[in-house]
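Here's what TrEMBL has on this protein:
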type: ACT_SITE; residues: CYS432; note: active site, nucleophile
type: BINDING; residues: CYS303, CYS304, ALA305, PRO306, GLY307, GLY308, LYS309, ASP327, ASP354, ASP375; note: S-adenosyl-L-methionine binding site
type: COMPBIAS; residues: 30-52; note: compositional bias 'Acidic residues'
type: COMPBIAS; residues: 89-101; note: compositional bias 'Acidic residues'
type: COMPBIAS; residues: 102-113; note: compositional bias 'Basic and acidic residues'
type: COMPBIAS; residues: 518-529; note: compositional bias 'Polar residues'
type: COMPBIAS; residues: 537-547; note: compositional bias 'Basic and acidic residues'
type: COMPBIAS; residues: 553-568; note: compositional bias 'Basic residues'
type: DOMAIN; residues: 211-502; note: domain 'SAM-dependent MTase RsmB/NOP-type'
type: REGION; residues: 1-58; note: region 'Disordered'
type: REGION; residues: 88-117; note: region 'Disordered'
type: REGION; residues: 514-568; note: region 'Disordered'
Amino acid sequence: SGFSDDNSKWLAPSKAKKIPSKGSNVELSSDGEVEEGSWEMEEDGSSEEMVDDYGATSSEEEERWWLRRVCVTLLLCKNLASVIRGGLSEDDTEEEEEVAEEASRQKMGQKEEESPDLQLNLDVEEQFKLPSNEQMEREYILLPPDLHIIHQRIKGNMEVLQDFVVKREEGRTRQEYLALLRRDMAAYYSYSDFLLTKLMDIFPLPELINFLEANEVPRPVTIRTNTLKTRRRDLAQALINRGVNLDPLGKWSKTGLVIYDSSVPIGATPEYLAGHYMLQGASSLLPVMALAPQENERILDMCCAPGGKTSYIAQLMKNTGMILANDSNAERLRSVVGNLHRLGVTNAVVSNCDGRQFPKVCPLVLGGFDRVLLDAPCSGTGVISKDPAVKTNKDEKDILRCAHLQKELILSAIDSVNAASETGGYIVYCTCSIMVEENEWVVDYALKKRNVRLVATGLDFGKEGFTRFKDRRFHPSLKSTRRFYPHTHNMDGFFIAKFKKFSNAIPQAQKEPAVEAATQSAVPSTVTEPQPKKKKLEGSKVVEEQKPPQPALKKRRSLQAQRRPPKA
């Protein structure tokens, strides 16, 4: 309804006239238009050619008409879906058509009055405003969330938070913006609220977005050349001949190669089956490089599965010395044995023990190790690109449970090292997590409980560890630890710390002065000191006579027993 055909105005040719050709029957209508005939140019001596009006710019009235019809069509499609869902009636649709037509008229009117100064301000975005509670409820509860709208809101929120004093909405606090940002990012990137809160504590907001985006992209496939059987140059040439596109991993690695694409399965080539290389992430090479094993040493890999780091240690030791590859999971040890056989490692012994029990066995049998590598079990927050389930299935209890196990393992690893070793006495602790509770917190605990100190890892890249985090303060030497992130180094998130053990003695827990003073004040002042033992002679033997303990002394001992801290 309301449709009018205005095509007669813009279909008329502008520079050509329809005239009858010679020899043709021509009839003119009452208004003087040609009914029959053929098109010919007027032979008035002009050299102008006929101009085709198809595709030329139409008048403002036609533009206005087309814009109005497009707006109405889009609204009809949108409202039809709402009518199907029961959200709008047909009367609402007609009202919105009228509103759309009015908006298109206003828009065309503004376009006519547009000036160059106004054109410059078209790209300026409107000020970001926080949505109301009703809008949030409708968006997150009643309807499925629109990811495009959420992404735009995250961008606007980030801009406000970066210049909060100038761009904030009047009467709104920073906590409201942060709460909205956390909720939007949790919906857009599919993270739990707990994990996203932890990540917001670790990273600044612009870096957090980069970290979340990097976790959506898989890391490059990397392999490590097994120099026990081949050289990297020969391996690269053999793989290139098989249609593999590769490059050296980086200047920091002499054995790594990065695979871009391959026409053959990279894990089933003859070179792989012959043990010429190992599929291994770039971040897994770093702990072994930090450990720097020497030939003819005794090395303990406390959590060795699936055997990539163990075989790299054997490669650097040139199959000399001895490596004890241990893991508490017997099922995972099958892959360790298979990889060691395939790669030609002959100096490794595989064991299935609880790493926490090693100090009770190893020093008695072997006399301690020169170096220990502890790749501790962790929450896996650094390898989210490999295991997206980490986004939602980790909570506070999981993090603290991992941290407790890691503290036990690191004390066991330190006790398994011989501080008197001529070439060693080093421990490397690493995790594939970025949580502070599993990294700096554990390292700081080890520094307090054992005679060790942190030394440089020998890696010339990576970010320094935290020396302070929220309300916690760590030892200043934690600057020598290294953190690796997927958005910064294009490898899995990783943490590496290297210890040097300077004494085999285990420091005893010292009582705090306040506890001792409280213990002494709780004892009555009238208690007499125990009398010295009297000796009497019975034949040729000297027998010590001991008096039975007095009631006051019993009371004092019971108080001391109650206040004595339990053993760890």
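Placed from the backbone N, Cα and C atoms, the Cβ positions cover glycine too.
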(request) To the nearest whole angstrom, state the Cα distance for the pair the residue listed as 'active site, nucleophile' and GLY307 (S-adenosyl-L-methionine binding site). (result) 16
(message) Below 8 Å Cβ to Cβ and six or more residues apart, same chain only. Which residues does that give for ALA305 (S-adenosyl-L-methionine binding site)?
(response) ASP327, ASN329, ARG332, LEU333, SER335, VAL336
(message) I need the most crowded of these recorded positions: CYS303, CYS432. Count other C-beta atoms within 10 angstroms of each C-beta and give me the top one.
(response) CYS432
(request) Rank the binding-site residues GLY307, LYS309 by the number of other Cβ atoms within 10 Å of each Cβ, and give the residue at the low end. (result) LYS309
(request) Sort out the sequence-distant neighbours of ASP354 (S-adenosyl-L-methionine binding site) for me: same chain, 6+ apart, CB within less than 8 Å of its CB, listed by position. (result) SER328
